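Okay, structure first, notes after.
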């Protein structure tokens, strides 16, 4: 069974509330990412059309006339504004989440995973409410930044992922952990694919508001599930203060205090590897919608939806590929294969000027996401059972920093390179991916069979 009911003595009343059933964590991740992906491309398109209206840009979106718009200065200004406001939203979320995600993740090692899951669910719900107000009332787009910051204050999606991965580590065996991590990431992908397909068609039919209302409804269901249906996986939750430096010190100890079961070098270098992988992933994701909206592709909302769905399919295909490749290859070499396909996909995106070539790039990414579950599993096995929350909150911090770097690098380079090579950020991403490929290979050669921490089998 995935979870266990919280014990008496938990610090908050909802911890002591009886659960309706001992549910797994995967539905929470599915609902959260469905809601986020439903909102993400729509927010980018809303910003694009909002700035187009304000600047008086009326360029046709029909592909047959698209080539004539490539030199339009108004279109370039719309692209630049959209890119910059995407950056502002990500910076706002990072600056708040850097402190809170790490604090809450380490806190969950003592009080249990459920409090963090509930708080993160409420934060995502609050962000959706703010987005609805912006779209319905045509408020200043700066309120998107406010909603993002409020979400980060309660843990954000990174906090939810930290608690979710720690929950999986709590109950998985050493042998099954890599696949369980990949299964959790597959929930992200399936949700993203379905939300992308729905969002593109729905936008064409009914505009921006209704998809945001659906996201709000899903997040309400998610918050209720976290509070009353998720089965706690920490064996003995205990009451503890939230506002104490002890939680942050527990994260620092992971990397600076020697222990028999872990190598500080492996922890640091695997963290660097996942940092680079996440930076490239989210950097490319940040500019892909904008890249597809503008010349020479000029995709409409329907094609944007198909592209976003294709972007999330690797979560599922990577899960299947990981399961098959594990029969004949070590996890390390599965990760290397994933990085190779990721590099190929980035290179194709860089030179894609027609729709079939863009979808070829998406197709080459079918194994691109086997790398992150492998690294997460290796990190999880390097620390003790009581440090999983601290570890994954550290990984959440790495993710937040990577997302900020991704926004800063890709959203700054993209408008700066429009005049000489629009796809240059994708080439940069392909080059950066050689760093984790080298790190993972070197760590395997230096210590091919590290003494990972062995957890007891879950009942």
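Easy rule for this one: first residue shown is 1, then count along the chain.
Note that Cβ sites are derived from N, Cα and C of the backbone, with glycine treated the same way.
Range annotated as transmembrane segment by Swiss-Prot, chosen from 1-14, 57-70, 141-154: 141-154. Membrane sidedness, as given by the topological domains in Swiss-Prot, is identical for residue 25 and residue 109. A contact between the transmembrane segment (26-44) and the transmembrane segment (423-441) is absent, since fewer than 3 of their C-beta pairs, 6 or more residues apart, lie under 8 Å. Only pairs six or more apart in sequence are counted, and the transmembrane segment (141-154) with the transmembrane segment (267-289) gives fewer than three Cβ pairs under 8 Å, not enough to call it a contact.
Its own atom aside, the Cβ of residue 58 (N-linked glycosylation site) has 8 Cβ atoms within 10 angstroms in the protein chains shown. For the transmembrane segment (209-227), the partner stretch with the most Cβ pairs below 8 Å, chosen from 113-135, 178-203, 332-351, 389-414, is 113-135. Counting Cβ pairs closer than 8 Å to the transmembrane segment (267-289), the top stretch among 356-376, 389-414, 423-441 is 389-414. Most buried of the binding-site residues 156, 185, judged by other Cβ atoms within 10 Å, is 156. Beyond its flanks by at least six residues, the transmembrane segment (178-203) meets 25-27, 29-38, 41-42, 45, 164-165, 168, 172, 210-211, 301-309, 311-316, 318-319, 322-323, 326, 331, 369-370, 372-374, 376-377, 380 of its own chain at Cβ-Cβ distances under 8 Å.
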